[in-house]
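Just below is one structure, and these are the notes that go with it.
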Amino acid sequence: MRIVFVCTGNTCRSPMAEGLARGILGADIQVESAGLAAWEGEPAAAQAVQVLKEKGIDLTSHQARLARREILASADWIIPMTGAHEVQLKGAFPEFAAKIKRLGRWAGDGKDQDIPDPWGGSVERYRRCAEDMEALLHKVKASLEGRH
């Protein structure tokens, strides 16, 4: 199985989700990330690198990339961070609509929460973002395990 996490610039939320998901979802699930407005080659935000380093995850080699059709086509799931990302992805790639489901919708609680962008914020803001994503990634794992 292959999952692509998507945010705006692919320097904060989606690379953090990618790094966290590697540990939570396990080796059988390939995880990647991309951004809807990414500047190709940009590194992960320093705060994202620091917060994931605290969790034993290395983001120093991350390079942002644009969410292009060829990246998304082979994904089993495309998981954006917000409703706006979800709408934008479904508009740009309607052929992938059935496999686009924002991270907050995996909770199954009807809240469909967005993951707020920590860009430019404090390290603590990035920590809260990572904690929110970790909780939801455990929901993703449970949901995927229930499908097997």
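Placement of Cβ uses the backbone N, Cα and C atoms for every residue, glycine included.
What TrEMBL annotates here:
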type	residues	note
DOMAIN	1-143	domain 'Phosphotyrosine protein phosphatase I'
ACT_SITE	C7	active site, nucleophile
ACT_SITE	R13	active site, nucleophile
ACT_SITE	D117	active site, proton donor
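The highest number of surrounding Cβ atoms within 10 Å, among the active-site residues C7, R13, D117, is found at R13.
The secondary structure of D117 (active site, proton donor), as reduced to three states from DSSP, is coil rather than helix or strand. The average per-residue pLDDT of the prediction over the domain 'Phosphotyrosine protein phosphatase I' (1-143) is 97, rounded to a whole number. Annotated pair the residue listed as 'active site, proton donor' and R13 (active site, nucleophile), C-alpha to C-alpha distance, rounded: 7 Å. Mapped onto DSSP helix, strand and coil, the domain 'Phosphotyrosine protein phosphatase I' (1-143) counts 69 helix, 18 strand, 56 coil. Across the structure, C7 (active site, nucleophile) and R13 (active site, nucleophile) are spaced 6 Å apart at their Cα atoms.
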